[in-house]
Each structure stands twice: as structure tokens, then as C-alpha cells.
Amino acid sequence: MKGSFKKLIAFRRVLVWLNLIAVLFNSSVFYLASVYIVQSNMSFEFLNKINFLPGAPLTIFWSSTLSYLLLAIVMTYRHYFKKDEEHNSRLLLIEFFLTILVFWNLRFTYNGVILLYFVDLFISLRNKEPSRQLNLWLGMAVFILVIFSLTDTVLIENISNIPQLDTYIEFLPLATKTTVILISNVLNVVNLIIFMGILVLYAIYLHNREYEIKEKLAKAAQTNLELKNYAALSSHIAEDRERKRIARDLHDSVGHALTGVIAGVDAAKVLIDLNPEKAKEQLTKVSQVVKQGLEGIRAALNKLRPGALENYTLQAALKKMLSEYSELSQMKFDFQYEWGSAEFEKTTEDVIFRIVEESVTNALRHGHASQVSIHFLVNKNYQILIKDNGSGCSKIKPGFGLTQMKERVAIIGGHIEFKSGDGFEIKVEIPKEGANHD
């Protein structure tokens, strides 16, 4: 987009110089033709033709040249020295009056300066809202039509006492007249071609800018979506961490409870020979503590049970969880479930669900994987094969997550293996016998 705008400015600069040449040429023709008419003793014929006394030709030359130079200076000053919007608007207004002044001083003969002002105006207002630009284009189109109408020689001479350049040129020798008309036409045509070229470049510039804005908006929308997904994924990971923390707390609380039970049993062992009745009471108390502890643990475990398993089968819960991960992280899953309608106890389902969930989380967080295959197979035992295309690692160092997996699988009498290389692989074996029992 910057390249298109630089070309636009370069063409505008060419148009400024071309108009300077055109103004100097037209004002010089006024002056030199007047000198030729006087020296050729054709003043009487000239005055009879225009029927009024024209202004001094030297005045036309200097007023046209100086007013245009002033216009060029204001344009250059405004472009190279950035001003606030109010100051910029005032300078544009000054440019407008100077443009009209140049047009007047040249006796409405040359209208290229109007095109120059139009170019300078829409380049200056390129960052305005589209509705304002449309109004500007319509207004300038009407204005240009009016100006081009005013350059009609017959019309001007009918409504004012201003002699046209064509009237002066008629008194020149044929060869000179032909040359002057040719140069004048060439200047007008070149000016119009450059003007049209600038319009094309301006259209390209606007198109490129609109495309760039749309592209930035699309990137911003994509970034916003990724941030939302990351926030949701972070929340998911935070929940998983919280579950692990609660699991550790439960482990600690069970340890304390067991310590109390052991102490109670040891006391009963001492009392059993000395006072059997007292020992029985002690064992009864220990039994009550154990029952209460089990109830508390079961209640806590039920709270930790994945929400998806409360309302869905194991297969459906896994599909739901993987679908959520896919939406959040754009990760792709190859999920195959060949366990059919096999039913498991809650503990077994919880363990299987948590292992798959932990595997997917690790593949995303640590392996930066984009694809994960999860296959549930049945041979002698129930098998789970999980493989991702992540970075893997040279040596597996079991952290809390992998250790938790091993402990969970051990609870249901299963076996788990880890393998890293081209991605990360997890293989879980769950025996059929005992899989349906707590």
C-alpha cells in the first residue's frame, strides 16, 4: 500500500511541474502575442474584434505566474509539514481561492490547474469516511463540469469583457499559430492523461488499503478467537490442577485417618488380654471411624467424578471431552472405540476418563501436538493406545501427571507403559477379570 501511495505523490509532483509549464506558456502567449500585434500595427483590428479595451498583457503574465507559484508553495508546505485538521482545512480553502485566482488571471483559458487542485484535495482527504469522500467526488464532478464550461470561448466573451487566448492567437502568423495551438493541445492532453493516471493509482491505493484493513481485522478476529480458546483451555487446565490438588489432599486425609485406625488397633491388641470387653469397645470405635472415613472418601470421590460421566456413557463422555478440546485448541483426534457396550464400575470409568484427559492435556501443553490418535481395543485384555505427533522427549521423567496415571491404573489392577520418540505413546492394559468390580 505504501508503494501505491508513493507513486501517487510522485505523479502529483509531476502534475505540479506540468501545470507550472502550462501556466508560463499560456501567460507568455498572452504577452508575446500582444507585443506582436502592436509591432505588426494590428492593434486597431484587434480592438475592433474584441470591442473593449483588454488588460495589460504583462499584468496577465505576472499575476498568473505569481499566483500559481504561491499555490504550489502552499500545496508543498501542507504536504511536507503535517498540520492539525483545522489548520489543514484552512490551507485547503486557501488553495481553492488561489486556484480560482490562477484560472481568472489566465482569462479562463487553462483549466488544468483545477484538475491539480482536485488531485491535491482527494489525496489530502483520503483518510476521511467513505460517505464524505463520495460527497466530495460528486461535488468536484459538478464543479469541474462548470469550470470546463467556462473555458468555452464564446460563452466567456458573451458574459464578460475578457479577451480569450484564441483571439490573440488568431493574429499570429500561420506557422506560429499552428505551433502554439499544438503545444497548447499537447499540454492539455498530457495534463489530462496524468490526471487519469492519478485517478487509477488512487483507486488502486484505496483497494489495497481496504484489503489491508480487512486482512488486519481478520487477523485480529483470529487472534481474539485464539485468546478466547486459550482462556477456556486455561480454565480447563486449572480445573484439572484443582482436581489433582484435591486428590492429594484426600490422600493426606486418608493417611491421617489410617494412622488413627492403626493406633486404635494397637490399643485393642494391648487390651485384648487384659480386658477383652474393653478391647471389643475399642474395635467397635475403630470400625465406626473406618466407616465414617469411607463415607467421606466416597462423597469426595463422587464430587471429583467427571461431570460428563454423570450424564453420558464412557464412550459418549470421551467423545464430548475430545470435541471440546478440538474446539478450544484446533487439535485433531482419531478416536476409535471398539469396546462395544462393555460396562465398568464408576472407579474404572473415572480412571479411564482421567487417563485419556491427562494424555490429551500433556500432548497439547508439553508436546505441542496437533494430532492425537486414541484407540480402545479388545484382545485378552482391554487396551487403550494413545499416540500424538508432538515433539516427544529423549528421556521420560515421570512427573506428577504420569505418576498419577500409574497410580490410577494400579487401583483397577491395570498396567501402563510410556514411550517417547516420534511423538509420545501411552499403552494401557486393563484385565477383563475384575474390570467390572470396584
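Glycine is no exception: its Cβ is also placed from the backbone N, Cα and C atoms.
Database features (TrEMBL):
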{"type": "TRANSMEM", "residues": "14-38", "note": "transmembrane segment"}
{"type": "TRANSMEM", "residues": "58-77", "note": "transmembrane segment"}
{"type": "TRANSMEM", "residues": "134-156", "note": "transmembrane segment"}
{"type": "TRANSMEM", "residues": "180-206", "note": "transmembrane segment"}
{"type": "DOMAIN", "residues": "347-434", "note": "domain 'Histidine kinase/HSP90-like ATPase'"}
(request) Six or more residues out from either end of the transmembrane segment (180-206), which same-chain residues have a Cβ under 8 Å from its Cβ atoms? (result) 1, 4-5, 7-8, 11-12, 14-15, 18-19, 21-22, 25-26, 29, 110, 112, 115, 118-119, 122-123, 126, 165, 169, 172
(request) Report, as numbers and ranges, every residue of the chain located at least six residues beyond the transmembrane segment (58-77) whose Cβ falls under 8 Å of a Cβ in that stretch; write 'none' if there are none. (result) 16, 19-20, 23-24, 26-28, 30-31, 91, 94-95, 98-99, 101-102, 105-107, 113, 120
(request) Please list, for the domain 'Histidine kinase/HSP90-like ATPase' (347-434), how many residues fall into helix, strand and coil according to DSSP. (result) 31 helix, 30 strand, 27 coil
